[in-house]
Each structure stands twice: as C-alpha cells, then as structure tokens.
Amino acid sequence: MLPTSLKTLVLLGALLTGPLGPAGGQDAPSLPREVQRYDGWFNNLKYHQRGAAGSQLRRLVPANYADGVYQALQEPLLPNARLLSDAVSKGKAGLPSAHNRTVLGLFFGYHVLSDLVSVETPGCPAEFLNIYIPRGDPVFDPDKRGNVVLPFQRSRWDRSTGQSPSNPRDLTNQVTGWLDGSAIYGSSHSWSDTLRSFSGGQLASGPDPAFPRNSQNSLLMWMAPDPATGQGGPQGLYAFGAQRGNREPFLQALGLLWFRYHNLCAKRLAQEHPHWGDEELFQHARKRVIATYQNIALYQWLPSFLQKTPPEYSGYRPFMDPSISPEFVAASEQFLSTMVPPGVYMRNSSCHFREFPKEGSSSSPALRVCNNYWIRENPSLKTAQDVDQLLLGMASQISELEDRIVIEDLRDYWPGPDRYSRTDYVASSIQSGRDMGLPSYSQALQALGLEPPKNWSALNPKVDPQVLEATAALYNQDLSRLELFLGGLLESHGDPGPLFSNIILDQFVRLRDGDRYWFENTRNGLFSKEEIAEIRNTTLRDVLVAVSNVDPSALQPNVFFWQEGAPCPQPQQLTTEGLPQCVPVTVIDYFEGSGAGYGVTLLAVCCFPVVSLIIAWVVARFRNRERKMLLKKGKESLKKQTASDGVPAMEWPGPKESSYPVTVQLLPDRSLKVLDKRLTVLRTIQLQPTQQVNLILSSSHGRRTLLLKIPKEYDLVLMFNSEEDRDAFVQLLQDLCVCSTPGLRIAEMDEKELLRKAVTKQQRAGILEIFFRQLFAQVLDINQADAGTLPLDSSQQVREALTCELSRAEFADSLGLKPQDMFVESMFSLADKDGNGYISFREFLDILVVFMKGSPQDKSRLMFTMYDLDGNGFLSKEEFFTMMRSFIEISNNCLSKDQLAEVVESMFRESGFQDKEELTWEDFHFMLRDHDSDLRFTQLCVKGGAGGTGDIFKQSNACRVSFLTRTPGNRVMAPSPRLYTEALQEKMQRGFLAQKLKQFKRFVENYRRHIVCVTIFSAICAGLFADRAYYYGFASPPTDIEETTYVGIILSRGTAASISFMFSYILLTMCRNLITFLRETFLNRYIPFDAAVDFHRWIAMAAVVLAVVHSLGHAVNVYIFSVSPLSLMTCVFPSVFVNDGSKLPPKYYWWFFETVPGMTGVLLLLVLAIMYVFASHHFRRHSFRGFWLTHHLYVVLYALIIIHGSYALIQLPSFHIYFLVPAIIYVGDKLVSLSRKKVEISVVKVELLPSGVTYLQFQRPKTFEYKSGQWVRIACLSLGTNEYHPFTLTSAPHEDTLSLHIRAVGPWTTRLREIYSPPVGGTSARYPKLYLDGPFGEGHQEWHKFEVSVLVGGGIGVTPFASILKDLVFKSSMGTQMLCKKIYFIWVTRTQRQFEWLADIIREVEENGSRDLVSVHIYITQLAEKFDLRTTMLYICERHFQKVLNRSLFTGLRSVTHFGRPPFELFLDSLQEVHPQVHKIGVFSCGPPGMTKNVEKACQLINRQDRAHFVHHYENF
C-alpha cells in the first residue's frame, strides 16, 4: 500500500493532468486513469517541474565562472577555442571504431540526446562568447585579414539564477528531461497536436504516407539555411517532435523511422480495437512507442555506447532527481562527435551500395556529411525505399574511432551562426562549456570521486605526445586549467574515458529510476508484466524490419555493432578521399541588394515637404489666378466709374513690391492724376510748360510698359493690358504736351533696362532720408555714424535724385503734415525763395538752420515772416488768426472758428495788445516771452554727452505741472499740491557692446514671463528626453536593443517622449475659453496667456524638429535591424520575432511599410509635411482656407500617433499618459465653443481713420454680455467664414452696439479695410456681415473698487482703457454710486500719429465728465533724434496753446502732451500729496512688459513708505 500522502499526490496529479474517458467505443474505458503529459510536468508528484520542458539543468559539480556568478571564462584566462580545436581534435578521418560501432548507433545516440536535452537556443538578452580566428587560418581566414570573428551567442538560461555566487547561472533545457519520446511527439501539447492527424490515432503525413507533412509556421521547427547552397525556408523540412530533427538526413531518417513505427502501431491497435477512437489509438500507440524507445535506448544502445550494462531496475524512486546535468550534455555530445564519419553509405537489402554523382564524371560512394546539413528535398531521399536504404547503410557502416579526432566536416564545416555559413563545432563546444560554467577536468574528476592525472603524460598514453605538448603549451603547462570537454576527449580511446562513462551512466540511471512513467514500473499501470517482457525483447532491428519490410537477414541482430560474418559489410572505411569537397564558408551580407531601395525610400520620405510645397504652390497659383480675375473685374467696373478720359493701367512701384491697378487722368490744365481703384488721388503731377518730359517705352515683353520721367519728381512706371492701350495713352500725352516748348521726348529700351533705370518712390525716399540726416548732421553736429552715409552709387539716376527739388507734397510729408495745411502753405511759401513751386535743398537748409541753431529772436522772426502774408512788416489780427488756424488744422480742427477768435482775443488781451490791430515783430516776440527756453532748440545735440538728447526740452526737477482743471468761467486753475508729470529723458548708449547688452536686457525684460514658461516647458521636454535616453542607455532591463542600436534608440526614444509631451500639451494653447478664464486669475501674472498662439507655433516648430531627429534615429535603427541576425532580433523584439534558425532578418521595407509603427510613422511624416508647409506664413497669406483645411488633419495626426505607439514594439504605449488630460480639456473647450451659435452680425457704421485704422460699428447680439476691456474674434463673411481674428472691444458695455478699432498691419486687416471702404450710396446694406465669437480676455474691473485709480496704457495697450473710460463716464453721468472719485489716465506712445484715432474717444470722455472724474496725460517718447520736424517745430505752440486754451495743440484735448517717458515713481509719490486721505490706490497698467515693470517697480518703492498703498494690476500685450 502507498502511504496516504503519496496517494494524495497521485490523486492530485490525476486531476491536474485530466483523466480521459473513452472516445466512443463500446469497450470498457481503454485509457488509463492518467495520461503522461507532453511537457514533462507532474512526472514527479512532489517536485512537479522536475524534468519539465524549460526547467534548469542540475549541476554535478559547482559552477566555474570568472566572477562566480555568470561571466564565462575567456581569454587570456583560458586559451583560444580555435587554437584548442586545432591542437586537440585535428586529425585525419578513416580510422574505424574500436568495437565496430555502427553509424546507425551513432545517430541513434544523437536522436536520444535530442529527446533528452536541447540547450542550443540562444538566450536573451544576447551575450556573445565570440571565437576569434587566428590570423591566416586556412579555413576561416585564408586571406590573412586577421579580423575574422565567428559569433557564438550564449544559450538561454534560467532568469532566476545568476544572481549571486550561491546561485550561479544555470541553463534551461528546452525539451523534457525524460526519455519520453519528446523527439517524436514534441515537448508540449500544442506541438503534439500540430503533428497529429486526429484520425486513426496517427501522426499526420504528407502526400506520401511514409513521410510526415512539411514544417508549418505554427510549428517552431528549426529552419537553418543549407550552408552548402544557402537555401532556406520550411519547404522540404519535415515536422518532427525534435526541433532540430532535420539537421542531417541521417538524423532525419531516424525521425522518419519512429514516425512510421507510431503509425504502424496505431494501425495494429485500430485492427485489434475497431471501436477505439482517435485519442485512444493515439495514446496507446504513443505509450507503446515510448516504451520501445526507452528499452532500446537504455538496454541496447547505452551498453553498446559505454560498454557497460546499467544496473537492474529496482522500481520507481520518487526522490531521485533525474534532471539533466550540463556535464552530461558535454560528455555525451562531444564523445559522439568523435565517431561521426565524413560520409554515410546507402544500400539495399541485397547489399548493393549506392553511388552518388559529384562534380565531373566521377561518383561518390557515400553522402558527404558536410554538404548535407539542413538540406532541403534531398534527391537521394525522395521515397521510403531511399530512407530504408539509408538506414540499412548506416547499420552496415562502421563509425570513426572513439578518440580525440573530430573530422573536418564537423570541426571546419559545421553549420555556422548568423552571417557565417560554417563554424568550428569543437570550438563552439568549448565555448558552450564555458557558457555553462563547466568545471575543469580535474575538478570534475575530484567531485565524482575519480583520481585526476598527475601530469600531462599520464592523461592518456595512447594520445600522440605532440598533441599533449601542444595542448599543455596552450594551457601554460597548467593541467588544472584543462577543460572538462577536452580532458574527456583526451582520456577516451575506443570507449569513453572514466569521466565521461560515469557521467553518462549516472544520468541514464537517474532518468530511469526517477521516471514515474518508465515502462518497467508496474505501479503506474501502463503495462502488464507480459507486455513489459514483450517490450524488453523488442530491438531496433525489429522496428526497422517492421516499418521497412526488409528481409531480417539483411540486418545483423544488434544493429549497433557490426561483427564479422554479419550481412552486407561496408566496402571500406570511409575517408575524405573520393568524397565531394566540402563547400567552403561564406559570409552573408544581410543588406546586399537593399542599399539602393533604402536610399530611395529615405529620399522619398525627405521629399514629403517638397511635394507638399509643390501642392501649396499649385494652390497658391490657383488663388492668384482667382485674385487676378477679381482684379480684372474690378478694373472693368472701375472703367465705368472713372471719367471718360481715364486710362486704366497697373503702376509698378518697385522691384520688391506688387503692382496695383490705377487710373491715369490727363486734365486740360496740364496735370496728370493717378487714382487708385477707390478713385482716391494717389498722386498729382503738374506738367510745367517749360519742363522737358521724357517718355521711355519698353521694346520687349509685349511692349506694354512705359516710363514717365518728370523733372524734380520720382518716375512713374505704368504697365498696360496691351501695346494698343499704351499707344493710346502715349497719343493722349503727346496731345497734352503739344503746346509745350521742349515737348515730349520719346525713347525705347528693353523692359528690364527700363525698370532698372526707373527712380522709384522708395529709392527717392531713401535718398531724401539720408540727405536729411546729412543736413541735420551739419546743422546739429551729429555724429556721422548716427546720421547715416550717402549711397556710394554714382549712377545717373542717383545724381539726378540728389539734384532734384522737393515738391509741396514731399515737403509736407517730411513734416508729417498734409500738403493743404496752412502751416505747410506758409512754411513752403517762405522757403521757396525763387518761387518755382519747389524747395531746393539749399532753401530747406536755410530754414533748418534757423529752427535748429537760431536764437529765440531768429525763430520768432522766422515765424513772424511766415505769417506776414502781405509782407508789410506787420502781423494783423487776421494774419495772427490765420497762424492759429494753421495750428488748429494740425490738431484736427478741435476748436470752432468762434472759439479760436476768443482765444486770439484772450492772447492779445493777456499781452496788453487788446487795442492793437497789427503787431510788430517786437510785439510778437514779447507775446512769446514765456517760451524763451522752449525756443532754444540749439540745445538739441545727439552726441551722447552732457547736453545731449537728455537736454531736449529740459525742465527743472523741482518743477511740477498739475493736471489742469477748468472752472465754470473757463478760467484756468492750478490746485496745490501739484502732481509731478514732467517727462524723463534718456541718454543714448553709443557703444556696440552697451547697445547689445541693453537690447538683451530689454528683451529679457519684455519677455520674462515668456522666457520662464518656455524654459520650464523646455526643461520638462529635456528632462523627458534625458530620462528616456538614460533609461535606454544605462538603466533599462537588458533587452539587447541598447546594445544593437545605442545611438538610434537613444535618439528615437528620447525624442519620442518629448514629442509625446509636446503634441499633447500643444492642445492647451488652443483652448481659448480656458485661456479666457485663466487670464482673469492670478495665473496671468506668471503665464503669458496672450502669447498662446506664439507658444503654439514654438511648440510645433520644436516638435517637428524633434520629429525629424526621431525619424533619423529610426532610420539608423532600421538599417541596424536590417543587418542584425534573426537571433538578435528575437531578443530585441520577442513579441514580433521567433528565432527559428533562419538567420535572415526582415528587409528594410518590412520595417517601413509592413509594420504598424513603420507605416504610421511614414504617414505621420506626410501629414506633418502637409500641415507645416500649409501653416507657413507665406502660404497663409495666399490661402488661409488651405491652411485651415490642412490644419484639421490634426485629428488624423493624433489618431496615427496613438496607433503608432500602440504596437508596443519597443516599450508599452505611453502617449496616453501625456495625451489624456490635455485631450479631455481640449474636447471640453471645443464643446463650449460649439455651443455658441454663429449669428450673422450686420455692420452699422464704418470709418476709415488715419494711421491705417478702420472703425467698425456693428450690431450687438441680445445675449452678448461683456466687460470693458475684453476682446472678441470676428470673421468677415467676405473673407472666409472660418478665418477668425481677435480684436479688443472699444465700445462700452452700456452701448447698444459693439465697436472695434482695427489697424491695418497684415494681409487680412488690410483686405478688411478695403472691403469696408465707404459705399457710394452711403448705406450700410452692402457691407459684408460678420461672425462674432467671444467675449474673451480679462477686464480691468477692479478700478471702481478704489477711490483713486491710475490707468496706464502703453502704445496699443490703451485700447482696453478706451472701453473702460467710456464705461466710467457713462456710470458717472448716470449718477451711479461709485467708490472711485478720481481717475488718472496716462498714455505712453512713441509718436502722436499713433493716437489720432483715439482722440475722439478721449474727447468724449472729457466732454461728458461733468465732475472732472478723469484726467488724461499723454507721453510721446519719440525724440527729435528721429528728425520728426513736426514734433520739434510745434512744441512751442503746444505749450502756449495749452496755457491759453487749456487744450493740446496736437490732439485738441484738455489732456497735457509731454515729450519723453513718464516719471512713475515721482508721479505716484506726488499723488499721495494730492489725495492724503486715500489709503489705497489702484494702479492698472497695460502695454509692453518694460512699461508695466517700471510701474510695478515704482509701486514697490512707494509701498515701502508708511503711506498710501498702491495695488498694481497689469496686463502685457
């Protein structure tokens, strides 16, 4: 009786293995209660994994590693493996076996080993113990290159081992460690199912029932290429249970033998038990075949191999460990290798030995071993009879002598790994022993209780002493270093030596006694005693006879020996003579034939942007054609609107500017007018009777162009539709000039030359600008470097330009005024001494000298002379009135005629001249007595020293100018204490380094928030890159990819992490609603939300650069992967590749186009090329719709990115980690935007204001609620319904309509200005409608929470305050109770021209502010070094005008205009004196960061005092 615990274990094993019932017969259950598993599990019920496939080898002797853990011993600790192979195993073939062992017994031994052990599978991560071939090796290095290295990849090991010296590395056995027929049925259930036919209990056969079917992809047969022919693939390889069962036809024949024997047993069982099903038949046949196999291997082959009989079987020993030892692997395989002959005979049952053809006319007596490795469709083994003849031939052939010699077929021509077709079997076995950490020969003897030899000569007396001497020399005469494998070979002669014999016998005994399913174990219930006896009497000869039907007399009784008198002796002991030569080693170039295709593929990918550019160019051409058609229609409609004598043409303004349509009118008064398409006069040319007019006609390019050269003017270049149109215009011009004395001179030249000779407006302006600078340099002693230099071009056109004179229009433009202004008329009349209607440069210089260097008396006299219109030496009231009127014209006519008369009277009365009707120059100068210092412009100096720019209009620091207030009687009062408002002047730094430093400081100052955000974002991206780069470079678990493509994987994975982050968080820059909300929070102080679009572009550009680097990294990876062997690729990509021995890696095109990451990567590059090209500024200008449509490919982009990373080729998908949160936010933001309906908004009013500003007033939707200072996005239906642009609202929340002031600075705003030109009929019906989206942005809403608020606007940053000021005035006029009692509004701007459009808004604020709630100051920072004559010459008038009328001459406003920068610190300090009872003052600034920083700094300095606290809120534009 079994113990209770053992019964329990047996029952557990039965449940786990699954008892099988009868398949459908009427017999009693035919299967035993337990069927042996295929994978070796649960053979031992206590130690379930013992002997299972994948279990580790069990050492007999402690491991011998270099580090005691896993590092193999290598040179120089041990000799070179190839040298050892040459020294120990080299020799001639042809010596017969000492005991006449047959070749059949030899290859049966190999078959048994394939059933027991398989450690050839390379391990992962890949580690190499390469074999370095000595220079000049006759086989592997015949060219004496000295760089030949045969790769040897270490075998697969148990990952739980190799951790410490107490747990060294152990290899794993890939097959079951039991003698259970796994070489016949496979080592797993799935493998066995693939081999079965599931019909009649048989194994599946091919077209010929005597052969199994060919190997299939689902069956992991080893498919190494034929080293002789290079042929590969599964075709011609049979499906066996042993993975390497097709290595040689001789091993293949034994596999076929057992295949046929199983099917024979199944047929017999089916005849005996016709009611059994397939499973019963298969399992009973398998059981019988395994038992027969065990019997032959242990009781027939092993004694013949060892010349020892194993001990009698004493029953199953459950505590016996049958695990295969690495020492057994080395001993058995290496000893068998000494017996392999160079060829194998084939014969029939009549003892006829076959001949085989070879090169030439001769024949070969045998199959050459070296040329039959992994051979496909062997012509000598086509039929079952051929297989039988091979088996009979092996039974008659005597193997090689069991000694140290290994024939060259193995030693020099063994199938090689990777790129090499051949390798050294012995050297590979030596490396394999070192890989397994085998002990030395002496250590193994001592561990097994055997006596080690004392010296080299005592090792084996039968070995040639020269061999021992050579071996000893390689080991430095140290016998203790001799390795187990070589020592075992040297001790063997005729039989295995004592070491190998003990190891092999011990292994087989443990396998038998520890196997619960051993056929002699009567307790397992597999066989009865009679069946066991029958099996014990079955021999391999019986199996051969049964499956081949040969005459038993054709075989000796024991086919493992050939004795004298046995049938069919071999013709001779085979040598290499008479056999075909072994095919030499070849080196495979994996990339051969792929270079051109790989290059073309990369070139095609690089051409994606080029193709996208071509597409964009085609789209742009179509858009330009449409634009030309529109222009053509416009010209046709323009013809109908122009006068009858108008001639349509295109004016060419210059070489880098686009031509535009004009209409040229020739008027009877000999004037020529050029009008634009809106009939606005662009230019008027007065043809004087005495002028010589030159007309140059083009003689090429259709003869459509003409050049009109008028003296003292820049040239006019016109391009007509045809030569006929041009000739018609020439005729009209000739008719106009017929009465002129000089007449019209006409010439012809080539069009290119004509355009080159033309003096354009831009050229004229450039020459005049430089000349003006030279004049000022002479007048003001300005440094020549600051003034600029004259052009060095001495061509005729430059000389003509320098000698020309200024027209009235050019003179007005130089002053920044209109030609029809009275001031221009007076000044021009005064300067034009010769009265020819032009001012020469000398005449201009005379005026300039007085203004710049003259004394106050000279300047007042010049002004007096200017307005002494009748020249009588007196300035009448009427002339004084005219002078004041000219000033008022400059200031936008802010005063009526009556108001101006009142001002003149008050000025006369204030000076004591109320009774005079005329003023002498002395009276006039007395009237300007208070402005003597202002008239001293002689202090204008830009040399940079004391008295430089900082002295312009210099005021005493002690002077304080108040915000002037008006009393009900219109008298001016100055409340005390007063505010300090004088402008601060800055000195210019002239040094190059100082200027660069200042520029850098200003840049950092202006973009500090941007820099911080970009730095943080870049740091995160760099950190992600560094993390992945470090991980794959140093810290990743060994996967071989970092060893295979170190640079490529670092670049590709590092950039992939950064790109994933960038493409994820770039979505946040497009969440407008979220940005609008966050701008109203404290985060706006730290994050420049207004720069979201710029940040979007920056991220996109950085991402595409990294994408290119990522692609380059993968280009390197693809090349390296294409030249790496399959064994290495299996380690790198275990989920993609299976190492089946085929060696050849996938080609480059597989990586590019047949993998998900490759194909999606190519598509991603294509999408990116399209999106980025169409998003360029140039193309957006030509076709915004194309940009908009292609940018919607971002949906495809993200889909491809997700698919690209989901394949997990290198690592698990990680894009979702970055993408999920931004995507949810972005989708939510989009849903909010989609919830707003697009309503067409009608435009109510349009005004074209100066400085290119367009005023739009449009309907306000009923549900539109906003705060003053917010902005909206509008789309003009005529310019595209999807193209939105943001603008700040300048209307107040209480107004019924919305308004915008849009400055034309880009293509869209320019086109908008053209489209909204005032219609002819004066109605708004023809105005295109708008789409409105918003409001967005932050409103400065806390101004009303302070009793005193200061609003500071810089440049265009004043626009939010326009809405706030109007809102403020409305609330105050409505009597709304507000905490705020006083508003100070300061606007800092470069030049007065920038605020012309805002004057009406500020004037409205001033007129409606009944309680003087708002005080306005304007600071103009542009100084006279810019040579703005108007700023210089009108300064005196501004101060006097402000004093007399309490209005600015420049703006017509009560606000004071200053020149320079506001003194924020002094102003805020004085504000505390004006409002001593106020304890908290709000400061709101909006503009460039430099200005808001100065305000912030001033507030911080003032807040250090124990007085009023200034709370600063700012917003940067």
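Even glycines carry a Cβ here, placed using N, Cα and C.
Checking N537, N1446 against Swiss-Prot, you find N-linked glycosylation site recorded for N537. Relative to the membrane, T1045 and S1124 are listed by Swiss-Prot as lying on one and the same side. Ca(2+) 2 binds D868, D870, N872 as Swiss-Prot records it, and from the list E878, E879 the residue named for this site is E879. Candidates N100, N1408 were compared with Swiss-Prot; the annotation N-linked glycosylation site appears at N100. Take the candidates C1071, C1131, C1276; Swiss-Prot pairs C124 in a disulfide bond with C1131. Ranges compared are 249-269, 1047-1067, and Swiss-Prot records transmembrane segment for 1047-1067. A C-beta separation below 8 Å, combined with a sequence spacing of at least six in one chain, links D868 (Ca(2+) 2 binding site) to F874, L875, E879. In the predicted model, the domain 'EF-hand 1' (819-854) shows an average pLDDT of 68. Note on the transmembrane segment (1186-1206): residues 616, 619, 623, 1056, 1060, 1063, 1156-1157, 1160-1161, 1163-1164, 1167-1168, 1170-1171, 1174-1175, 1179-1180, 1213-1216, 1219, 1223, 1280, 1282-1283 of its chain, located 6 or more positions outside it, place their CB under 8 angstroms from a CB of the stretch. A simple way to gauge crowding: the CB of D870 (Ca(2+) 2 binding site) has 10 other CB atoms within 10 angstroms, across all the protein chains here.
Listed recorded positions: C124, N455; maximum Cβ neighbour count within 10 Å falls on C124.
Sequence-remote contacts of a segment are chain residues at least 6 beyond its ends whose Cβ falls under 8 Å from one of its Cβ atoms, and for the transmembrane segment (600-620) they are 1111, 1115, 1148-1149, 1152, 1162, 1165-1166, 1169-1170, 1172-1174, 1176, 1179, 1182-1183, 1186. Closest in space to N537 (N-linked glycosylation site), of the recorded positions given as N100, N455, D870, N872, C1131, is N100, taking the CA atom of each residue. With respect to N872 (Ca(2+) 2 binding site), the closest of these recorded positions in Cα terms is C124, chosen from N100, C124, N348. In this structure, the recorded positions under consideration are N100, N348, N872, and the one with the smallest number of other Cβ atoms within 10 Å of its Cβ is N872. Rounded to a whole number, the distance between the Cα atoms of N455 (N-linked glycosylation site) and C1131 (disulfide bond) is 44 Å. Taking the Cα of C124 (disulfide bond) as the reference point, the closest of the recorded positions N100, N455, D870 is N455. Recorded residues N455 (N-linked glycosylation site) and N100 (N-linked glycosylation site) have their alpha carbons 31 Å apart, per Cα-Cα distance.
Across the structure, N348 (N-linked glycosylation site) and D870 (Ca(2+) 2 binding site) place their CA atoms 144 angstrom apart. Cα spacing between N100 (N-linked glycosylation site) and D870 (Ca(2+) 2 binding site): 146 Å, rounded to the nearest whole number.
In the three-state DSSP scheme, C1131 (disulfide bond) is classed as helix.
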